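Trainee: Per Swiss-Prot, divalent metal cation 2 binding site is recorded for D10. Marked as divalent metal cation 1 binding site by Swiss-Prot: D10, E12, D161. Positions annotated as substrate binding site by Swiss-Prot, on the basis of similarity to another entry: D10, E12, E55, H60, D161. If you look up Swiss-Prot, you'll see H156 marked as active site, proton acceptor, on the strength of similarity to another entry.
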Amino acid sequence: MSSLREIILDTETTGLDPQQGHRIVEIGAIEMVNKVLTGKHFHFYINPERDMPFEAYKIHGISGEFLKDKPLFKTIANDFLKFIADSTLIIHNAPFDIKFLNHELSLLKRTEIKFLELTNTIDTLVMARNMFPGARYSLDALCKRFKVDNSGRQLHGALKDAALLAEVYVALTGGRQSTFKMINKPDEINNLAVKCVDVQQIKRGIVVKPTKEELQKHKEFIDKILIQA
């Protein structure tokens, strides 16, 4: 039986439009197979090679000073592309993130890299609009609707928002996942552990539903990462 691999993804940026020089400063992505979180994720803070506007800082709390010693996008691009390969991306307001990711990829000037396509993306914002016409569709509003604990979300953050979105997405599609412990600010450690997926194993269809022990280890792993801040 083939496995359904989905990547719940979020980014934080310096602004709203990459055509005005804005860049990605954080990527958070979490793997889900057959609607079960596997414990594999990808998380990096990224040096945008520019200043951090105060308006953006107020949203996510990531300062230019904090990002000075973080890697450039070009140094993590290959690992990121490997992590999301052969999967459907789950994103809230997908055009925004895809626009920024494709801009970052275009700056690499590598002809072998294919741009990301919205056709391979599920937009939870669109899902929510179709399911609940006239309601509020922000991530916070959907957390409230589905009773997902977002009490620690004073600031935006790519990894913690991806964790929240994972629960919201499962609720939107008829199921639930265990609750994650959220953080209040970005961690002050240079790029906490990144556990990338074995893409070849996924291709061979070897991925199976995690055991109870694996799920517990996953929860402890995510909690450890999110508590660091």
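Each residue, glycine too, has its Cβ placed from N, Cα and C.
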Trainee: Check the Cα-Cα distances from D10 (divalent metal cation 2 binding site) to the recorded positions E55, H60, H156, D161 and tell me which is shortest.
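Mentor: With Cα distances computed to D10 (divalent metal cation 2 binding site), the winner among E55, H60, H156, D161 is D161.
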Trainee: Determine, to the nearest whole angstrom, how far the Cα atom of H60 (substrate binding site) is from the Cα atom of H156 (active site, proton acceptor).
Mentor: 5
Trainee: Measure between the Cα atoms of every pair in D10, E12, E55, H60, D161, the residues the record assigns to substrate, and report the largest value in Å, rounded to a whole number.
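Mentor: Comparing all Cα pairs, the maximum is 19 Å.
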Trainee: Quick one: pull the CA-CA distance for H156 (active site, proton acceptor) versus E12 (divalent metal cation 1 binding site), whole Å only.
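Mentor: H156 (active site, proton acceptor) to E12 (divalent metal cation 1 binding site), Cα-Cα distance: 8 Å.
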Trainee: Helix, strand or coil for D161 (divalent metal cation 1 binding site)? Use DSSP.
Mentor: helix
Trainee: From the Cα of E55 (substrate binding site) across to the Cα of D161 (divalent metal cation 1 binding site), what is the distance in angstrom?
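Mentor: Rounded to a whole number, the Cα-Cα distance is 19 Å.
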Trainee: What does the structure give for the C-alpha distance between E55 (substrate binding site) and E12 (divalent metal cation 1 binding site)? Integer Å is fine.
Mentor: 13
Trainee: Over all shown protein chains, what is the count of other CB atoms within 10 A of the CB belonging to D161 (divalent metal cation 1 binding site)?
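Mentor: There are 24 of them.
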Trainee: Suppose we draw a 10 Å sphere around the Cβ of D10 (divalent metal cation 2 binding site). How many other Cβ atoms does it contain, all chains included?
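Mentor: D10 (divalent metal cation 2 binding site) is surrounded by 25 other Cβ atoms within 10 Å.
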Trainee: With a 10 Å radius around each C-beta, find which of these binding-site residues (E12, E55) has the fewest other C-beta atoms nearby.
Mentor: E55
